[in-house]
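Colleague: As annotated in TrEMBL:
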type	residues	note
DOMAIN	404-476	domain 'PDXDC1/PDXD2 second'
DOMAIN	485-590	domain 'PDXDC1-like third'
Amino acid sequence: MDQPEKIVIDPVLNKVVKNLDEAMKILEDGRSEVPGEQRATRRHIPGPLQRCGQDAVSILQLVQSLTCGGETEDRPCRVQGDRKARDVALLGHSVAAYLSMLHREQQRRLATRVQSDVTLWLSRLFRYENGSVSFHEDDRQGLLKVCRLVIHSRYKDFATEGVTVLGCRHPVIYQSSACRPGLGQYLCSQLGLPLSCLYTVPCNTAFGSEHQMDGFLLDGIIKEDVESGKLPLLLIANAGTAAAGHTDRLDHLRDLCDQHSMWLHVEGVNLAMLALSCVPSPLLPATKCDSMTLTLGPWLGLPSMPAVTLYRHEDPALALAAGLSWTQPGENLQPLPLWMSLQYLGHSGIVERIQHALGLSHRLLESLKKMAFIKTSVEDEPNCPVVVFKFCQESPTDSVNDFSENKGEFEDSLNRWLGEQLGLLVSASGLDVVYLDDEGSCVRFNPLMTSALLGTQESDVDAVVEQLVSLVPLLCWTSCLRHHFCEEVSRHNRLMYLEEPSWPGLGAIRYQPSGEEPDGSKRQQLVEKINSDLLKKLQVLGAEVDFSTGPEFGAEKNCIFVGMATEDLDVVKLVDTIEAVGKDIEESNQLLENMSEVVQRGILEAESQLQKATEEKLMQEGVLRQIPMVASVLNWFSPVQSLVKGSTFSLASGSLNSTEHTYTMKTFEVQGTSVTSATVAIEGSLGKEPSHHSRVACDSLSQATHLSHAAGAERQNIHFPLPDVSGPETILEPTH
């Protein structure tokens, strides 16, 4: 006790505690002082290491902005659960890092005490007498090290000859088909064994359960392997399967392992109930197994806590060779955070958390049994901490999916949607979706793995039940109206129903425009455009159902997915509305397309007429008048008058008309001396003043005179007063 007291009063440790508290405040404060633009830049654009070092506060602010960049100041990034227990665990990690700098002898003394305490506490807490403890970051590593221990025990020359000794008798590892996916493959790859050394035992109804390992079949398989010269090595049993929390017949499996000299390893979430004062009878045989893996971190809400493997073996040298015991002093401090956390919680605190999780499961299960259309686990195991349920409409009115061969897939989509909605609406519940081979997609509530970390309370369970009461009717009406919706869509020529059983809703439809388009690519573009515009208009109509583009990686494209139905939904009116809106969009597209064609034809006709007018003008004026300098001289002696032939294009009629009727004569009367002004276009060289002869020629004109010019020459409009003449109105016509 002397050494721990000296460590506690160490000023460095006091500073570690203070710095940890300040760091947690910065990370959870949510009011980082880093500007928003700078946070966005740092978050998305990695940069080189800065030349000058940064202070710890700036680094923590950067971490806070990276982890909570999408949160607002009103909703800062915070970790849920018991903060005090979490802080003790985090403090343990910090202290372990600090103590790793001590002298090796000091580390050894502390690690020995920590090892002894944790081994004693866990062995008594989980009723595992005379056991040893191994710690590891990955919970699969404990089983891996146990396999190495068994190989060293059964193959005496393995330490010297390696895997070559396995050739005489191939080892066999047995696991249940309900084990964690990939567990057996992980063991074989890490041990260097072929997959033929792994045998997966199926589950059947031999003991009245479809989720327990078939012990009788396993017995026959082991005998066949022994007769063929193989060595049964290890059996992996479940005390709470990863998917649904089912427990194997551990007593029967224990007898089989004793009969064939096999190692029995047990894992699963139900092992947590061994700490209760009253242990369920199916779990008691787990205390007699050769090894078990415990995941105390999720069970107790302790972050970054190592997994624990309890095992019994008499030879410490083999345990060291298998990696179950420590080899480096730094590794001895790995259980220090767990050691500190167990002391903080105490025996009663650990049991209380496990009982709280079991109470949540029981509360939800009792509520689900009273609800219609909700089916719980096929096998009701007493005191199982995992609750699995699903929506299942089995009433006589359930004709929704009889028309479809994919009824099971559609039911799975509804349950996936239900699980996702419940997880979003009640995030503290920790609900998720799991797929079972015999039941399909189900919603799972596993509070032993989530409640301590999320801080799940009874009010959260009640909220889940309330949400179920509101969501189940949507599932029922959607399930009932899906077939009616399909039939109604089939009655409309412009709409096509698309069978998409993986979509949790009424289904998918596609609007098919009328007419035949010989070009397939153009029709595909037209269908895509119309359905895209139709989706946008339907989304703003405020209908009783939701419209979307469907799943991101769905098979159907260019279609509209219709969401969940309500009790007041009028399917006939809904389908009629969809088709009517689609027709309006199609007609608008046709009008625009026709108008574009008319405009294009008008442009071509106008270009043709302009070309013709240019040729006529060339024939009338001659080639010499097209030369700028020569044209000026010719126009001086012999001005040419030409009429303007303009054209207008009517979008309404699509015709090209003359503009002669748009030009009218204008007369300007001035009080006193009547002065008539006319605009005369005089063609000549740009920048030259009109000569005296030009003004005389202009004064002699009593009406507007059009002076033609050569093609490409620039024009200059000059306004000058004309002498007072009494005559008809002046006709003003623009020139080209």
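We number each residue from 1, going along the chain as drawn.
Here the Cβ of each residue, glycine as well, is placed from N, Cα and C on the backbone.
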Colleague: I'd like to know the mean pLDDT over the domain 'PDXDC1-like third' (485-590).
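Modeller: So the average pLDDT across the domain 'PDXDC1-like third' (485-590) works out to 86.
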Colleague: Could you put numbers on the helix, strand and coil content of the domain 'PDXDC1/PDXD2 second' (404-476), residue by residue per DSSP?
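Modeller: Summed over the domain 'PDXDC1/PDXD2 second' (404-476), the classes give 49 helix, 11 strand, 13 coil.
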Colleague: Summarise the domain 'PDXDC1-like third' (485-590) by DSSP state, stating how many residues are helix, strand and coil.
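Modeller: Going by DSSP assignments, the domain 'PDXDC1-like third' (485-590) contains 46 helix, 14 strand, 46 coil.
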